[in-house]
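> Copied straight from TrEMBL:
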type     : residues : note
TRANSMEM : 7-28     : transmembrane segment
REGION   : 37-58    : region 'Disordered'
TRANSMEM : 431-452  : transmembrane segment
TRANSMEM : 464-489  : transmembrane segment
TRANSMEM : 501-526  : transmembrane segment
DOMAIN   : 551-943  : domain 'GPI ethanolamine phosphate transferase 2 C-terminal'
TRANSMEM : 678-695  : transmembrane segment
TRANSMEM : 707-728  : transmembrane segment
TRANSMEM : 740-756  : transmembrane segment
TRANSMEM : 776-792  : transmembrane segment
TRANSMEM : 797-815  : transmembrane segment
TRANSMEM : 866-891  : transmembrane segment
TRANSMEM : 903-927  : transmembrane segment
TRANSMEM : 939-959  : transmembrane segment
């Protein structure tokens with residue numbers, strides 16, 4: 001069965017997306033949880049250890065605190081409190097830390113450092129999975145055992161004000177609440193005022209036991225302007241005043257003989273040097289934890305804060321309030337909180353924490369008895385029983401005290417070991433679904449690779465032996481074998497597998513598909529053997545007869561693509577992947593420059609001499625103009641690769657990215673400083689004018705006018721939000737959200753997209769005009785450029801400008817003049833798209849995702865537009881280069897539909913290989929902690945790239961069909 005290359009690539013990509021989805025369903029693990037469906041209760045608590053007699057009663061020590069106030073400041077970095085600027089940013093808090101009755105810690109948050117997973121960690125004590133990053137956008141109710149549920153069940157009255165994520169996670173748990181939208185990052189004033197307005201009245205009342213305040217303003221400032229913004233200090237001073245107000249109110253309410261209060265200041269995560277979060281850098285994972293209570297000893301000076309895990313707060317608050325610890329908690333009690341309690345109570349608290357951790361360890365680890373922490377806990381529990389026997393006998397000697405301190409130390413070591421062991425068990429993977437998805441993806445990739453000679457041949461078609469495969473005996477034997485394996489796995493699996501839960505119809509279809517793909521693979525591989533028939537026809541790569549001959553540029557493109565794929569096996573190369581693409585892009589420019597020199601000097605030297613003899617002398621004046629054009633074209637072609645190198649070098653300095661050097665200053669920081677606003681204004685205006693000149697050439701006059709007004713609206717929007725200035729503006733002018741200006745631009749974006757779509761549909765349905773189709777595609781492209789220019793921050797407009805300039809020069813003087821084929825052009829577009837992804841300031845860390853662009857032109861949070869705008873801005877570089885590839889290949893009418901098929905096939909190959917490589921890597925390294933902060937974001941990125949490529953190939957296929965129908 002013969003299939004065109006574009007159709008073949010589209011089908012392969014669609015099935016690969018299904019395989020990757022199945023793999024991801026198994027890869028994102030179910031977090032470590034107890035298998036018991038019920039929640040912890042006081043009746044389940046173990047008896048106090050006692051040796052030599054019947055078990056002691058399940059006595060619980062008295063709660064440590066009567067009231068608890070948790071003040072959670074979103075994105076509060078530990079250096080904002082404990083660093084050199086702490087006295088300036090938060091003077092009262094720093095005074096309490098140094099001289100007050102408090103304990104201070106650096107609480108380490110586990111990646112992903114995103115709000116909803118962090119709230120789950122603080123309330124359940126468990127380590128959420130990476131899939132919670134996606135769930136962060138629409139948080140479902142939290143059903144597992146958690147601190148809030150335990151407090152409500154125990155009759156505690158809870159009030160909450162702040163981030164409405166809490167309200168979605170814990171519906172009907174709060175006696176009183178007022179939620180604020182967490183995703184509208186343009187607002188950093190009202191979002192906090194809506195919390196503070198409730199404080200005065202609530203602090204005067206006595207009808208609550210737990211108060212939770214979640215302030216979002218600091219996080220929003222970080223997303224807008226970074227941690228070194230001039231807005232940071234006023235916001236931290238505001239938070240400091242609020243803490244002082246709460247502390248003063250709690251002190252005034254304190255009565256003699258009653259239990260003390262506890263005031264907790266913490267952050268859910270930190271803030272990177274770019275102001276975002278989500279990754280695993282030190283500024284993102286290190287948050288301050290300050291516990292303030294009269295139950296603690298008063299400090300005499302600044303002490304170095306201890307280091308605890310963020311999940312350690314969960315068992316500390318639970319036992320401090322007299323509540324059971326959540327079943328799935330992997331945290332351990334913070335010992336400093338117990339310093340003023342009796343030794344018996346200290347041991348009892350640690351025993352309860354150890355019992356809970358040992359139960360979770362039993363349920364999560366098959367060979368739990370071999371764990372060092374479990375054995376240490378058993379030894380400590382036995383020693384605790386001996387101590388209790390002596391204690392109840394009335395022994396008061398110093399030996400008993402020393403023995404108790406020794407047991408205390410044993411408990412702490414056991415808790416640390418068990419907590420560490422549980423933290424390493426990030427989840428229980430669905431290995432069957434992962435392996436099934438991996439097999440699908442690799443079968444498809446091998447078919448894609450083996451079909452390369454046919455797909456890239458002059459006919460741009462692949463002969464798939466589908467019928468012979470379906471009628472062969474091995475196909476039916478494989479179906480029986482795979483069905484037997486499926487039954488065996490699903491009947492013997494200890495844990496439920498997603499693949500086993502599918503209906504038998506879907507399973508049979510998957511088994512038949514996998515068996516057929518294997519038979520097709522064998523058949524194609526047999527044809528590729530020397531004894532098999534050779535594929536006749538012209539190859540898009542340099543060909544001579546029936547054999548391929550690779551040019552130097554072909555070798556460079558193939559070696560670079562394969563080398564990049566192999567480099568992904570190292571986490572450091574993934575973290576600094578931008579360096580790989582910068583190197584490959586520079587090497588590509590040098591290789592292209594060599595081809596240009598060969599064309600215009602070495603290869604044309606002989607032909608130029610022949611042309612001089614052939615030209616008639618009487619037409620010398622008429623030939624002056626063509627000669628001048630050829631001369632200027634030659635030097636422009638020679639200048640294009642060096643100019644591209646210069647642009648790439650300048651763009652590298654614009655945004656520092658990656659992990660190791662992301663904190664270093666760059667041109668973007670310099671431009672965004674208030675002292676250089678005029679320079680940024682002039683640069684932005686110049687870039688917008690140049691963008692117009694580069695884009696408007698192939699548009700209709702209506703689109704040209706709309707594009708000009710839209711770009712003027714872009715500058716007006718940036719002036720409204722305070723990034724740039726008009727000549728008549730003063731820098732002290734108050735800023736706004738720019739909603740009106742942004743919507744003004746959206747109108748013209750929609751108008752240009754509508755005009756382009758109308759021309760495209762007319763060319764496809766009514767007139768079959770190739771010129772009209774090309775104009776429609778370029779107009780859609782110009783509308784996309786206008787939208788991207790609105791979403792890009794002002795200092796990133798040079799990235800868009802250089803992107804368009806390089807595309808124009810390469811298309812005009814390199815790809816056409818040097819007659820590069822579709823495969824070479826496609827790979828070059830792919831390389832440029834990857835490099836421009838990093839030129840924007842992106843990285844493989846989700847902390848670099850700028851979510852503030854999701855609210856351009858929005859008055860409030862609307863989920864669908866916010867996600868679309870954020871994704872579009874993040875992947876603007878690859879998207880613009882892919883769209884340019886579609887427009888460029890469609891304009892090459894002499895090479896369609898072969899060029900379209902070759903381009904689609906190469907795109908499918910370029911995106912399939914890295915995706916398959918990552919599937920293998922995350923399968924092998926799934927239990928390593930760094931997999932979450934390094935490989936998981938990259939796997940998600942490659943999956944989205946696969947989806948994007950599948951969509952582009954479908955567009956390619958539509959273009960090819962319309963071209964064929966118009967020709968017929």
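Positions of Cβ are set from backbone N, Cα and C atoms, glycine also.
Annotations in TrEMBL come from automatic prediction, not curation.
Quantities reported herein were computed from a predicted structural model and do not represent experimental measurements.
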> So what's near the transmembrane segment (797-815) in sequence-distant terms, Cβ-Cβ under 8 Å and 6+ beyond its ends?
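Sequence-distant neighbours of the transmembrane segment (797-815): 592, 596, 633, 636-637, 640-641, 643-644, 647, 650-651, 654-655, 683-684, 687-688, 690-691, 694-695, 785, 788-789, 825, 828, 832, 836, 839-840, 876-877, 880-881, 884, 888.
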> Which residues, given as numbers and ranges, are at least 6 beyond the ends of the transmembrane segment (903-927) yet have a Cβ under 8 Å from it?
5-6, 8-10, 12-13, 16, 20, 23, 27, 424-426, 429, 434-435, 437-438, 441-442, 444-445, 448-449, 452, 455-456, 460, 561, 564-565, 568-569, 822-823, 825-827, 830, 882, 885, 889, 935-936, 938-939, 942-943, 945-946, 949, 952-953, 956-957
> Residues sitting near the transmembrane segment (464-489): Cβ under 8 Å, six or more positions beyond its termini, same chain?
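For the transmembrane segment (464-489), the list is 1-3, 8, 432, 451, 497, 499-500, 507-508, 511-512, 514-516, 518-520, 522-524.
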> Cβ pairs under 8 Å only, please: of the recorded stretches 431-452, 740-756, 866-891, which one is richest in them relative to the transmembrane segment (7-28)?
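Ranking 431-452, 740-756, 866-891 by Cβ pairs under 8 Å to the transmembrane segment (7-28) puts 431-452 first.
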> Over the domain 'GPI ethanolamine phosphate transferase 2 C-terminal' (551-943), what is the model's mean pLDDT?
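Result for the domain 'GPI ethanolamine phosphate transferase 2 C-terminal' (551-943): average pLDDT 82.
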